[in-house]
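Novice: Below you'll find the structure I mean.
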Amino acid sequence: MKINVLTLFPEMFTPLQVSLLGRGQEDGKWKLNLVNFRDFSTRPHASVDDTPYGGGAGMVLQIMPIKAALESLENKGKVIITAPQGKTFNEQMAQEWSKEENLTFICGHFEGFDQRVYDLADETVSIGDYVLTGGELPTMSMIDATVRLLPGILGNAMSAVEESFSDGLLEYPQYTRPADFEGQKVPDILLSGNHGNIAEWRHYQALKATYLHRPDMLEGRDLTKEEKHMLADIKAEIADSEN
Ligand code: SAH
């Protein structure tokens, strides 16, 4: 997969050179192409922004350098603009994007983009209901979430399958040595070696974590018969602990 990023601050992207994503690039599993769209400005001092029509604070990014930078790309693939008003990024989008050959992200800065820039993109995407100074951190988050799903990026192929959001539930609690830390014990069942029971316990715990922390995730879910029983037990367990 090759990912293009249009940004005024290519030097911000060093986190993608480290750890699993960095190794993935060295191994040729994916490639990052950073394009500074300031290089495509034809104005004095390579300006890329101007004051807003109608007045108001801040500077607005102009369409010309962004359009020229896009046109210079060999393969754009899906073009994604980062903006707080976009639809909220999630794991499902990461899964869809991870199947693409090419992706192109556009990072804003200052007050944001001239409205006509949005027409150059296929999707406008936000990483949450808060405002950052630029699209670089959102883009890095989305690239990380997408690229880690590519084959061979995570050491253990299973680790992407059994974790939060991948199956519509949050992850179950995980433990490692020691089995007893200052009196805080790892649940006995995990030490039992009974894989059937462990799988069932994990499913129950995933459902419980989701019910407690993200009940909205259960709203559209077709619960299996087993999950309905589990949920009843979870509610009873919580009611018990409150009494
Ligand atoms: N004036 C704009 C905010 C601009 S913030 C508004 O009120 O909506 C500057 C740039 O940071 C944006 O163009 C966008 O690229 C990026 N950005 C800020 N917050 C973001 C978020 N939550 N998700 C994605 N991109 C964001």
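Cβ from N, Cα, C; glycine included.
Pulled these features from TrEMBL for this protein:
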- Gly108, Ile127, Gly128, Asp129, Tyr130, Val131, Leu132: S-adenosyl-L-methionine binding site (BINDING)
- 1-219: domain 'tRNA methyltransferase TRMD/TRM10-type' (DOMAIN)
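Context for these features, please: burial, neighbours, distances.
Specialist: When Cβ atoms from all protein chains are considered, those within 10 Å of Gly128 (S-adenosyl-L-methionine binding site) total 11, not counting its own.
For the domain 'tRNA methyltransferase TRMD/TRM10-type' (1-219), the model's average pLDDT works out to 96.
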